[in-house]
């Protein structure tokens with residue numbers, strides 16, 4: 001049997017509509033290899049055929065509603081279970097101490113049973129220390145031990161939060177020169193954070209020597225006027241005296257009142273140190289004069 005020399009060698013001829021990609025069709029290597037036109041056409045063709053079949057009723061459209069599962073009937077309680085439930089409800093009586101969940105916040109509080117309605121299986125409890133009265137189901141009442149355990153858990157959580165806050169405050173207030181002063185009171189007078197006077201250079205003269213009228217640094221300056229305090233930033237925690245902080249780096253977070261308060265405080269502190277320096281120089285001058293007279 002002779003085979004024809006032409007053609008594709010006896011293979012089944014390919015249909016042009018079903019060919020999505022053919023390699024070596026004479027295109028150059030620079031052609032766009034990401035051309036997905038054929039894929040888009042095939043997708044549109046598949047979608048169109050599906051819509052056509054759906055329109056003719058060959059495919060049933062699935063509804064978006066979930067299938068309803070048959071409800072499970074509650075298991076019938078036998079007589080022994082009913083007796084146990086009745087016994088658990090009968091154990092509470094008026095005046096018993098218990099723990100109840102307050103409906104406002106969902107927390108457990110100690111309470112005392114004021115009245116009981118066994119027909120409705122409810123009771124009225126009075127919260128210890130608060131005096132609030134609330135109706136509760138007898139099955140929802142808890143023993144006082146549950147309340148104690150809940151308080152222990154709440155106290156542990158509060159202690160953990162307080163320790164976390166104190167740790168954050170100590171890390172923020174720690175400086176290279178003062179690392180041991182971690183615990184500081186919440187409020188302090190104004191002069192507690194004034195900067196210390198500069199150290200006295202050279203040997204310091206003791207009290208009682210002739211010609212000495214300026215002994216040591218001057219007393220701390222009085223608090224600034226109230227109108228300065230109203231413009232100043234919130235007070236800093238007490239502790240060793242520190243230098244007033246510079247103004248914030250970001251100018252957007254500083255309004256006119258804060259900037260004015262910072263400027264007035266800087267003038268006030270500058271005057272304090274200027275007075276100390278002038279007094280120190282006057283002390284040195286009078287000391288030299290007294291030594292020359294002797």
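Heads up, residue numbers simply count up from 1 along the chain you see.
A Cβ is built for glycine as well, from the same backbone N, Cα and C atoms used for every other residue.
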Check: Between 25, 62, 274, which does Swiss-Prot record as phosphothreonine?
Finding: 25
Check: Looking at Swiss-Prot, which of 8, 63, 290 is flagged as phosphoserine?
Finding: 8
Check: Of 18, 139, 166, 187, which does Swiss-Prot mark as phosphoserine?
Finding: 187
Item checked: Candidate set 37, 85, 122, annotation phosphothreonine, source Swiss-Prot, matching residue -> 85
Notebook entry, point to check: Pick from 31, 163, 170: which one does Swiss-Prot list as phosphoserine?
Noted result: 31
Checklist line | From the candidates 41, 51, 97, 119, the one which Swiss-Prot records as SUMO2 cross-link | finding: 51
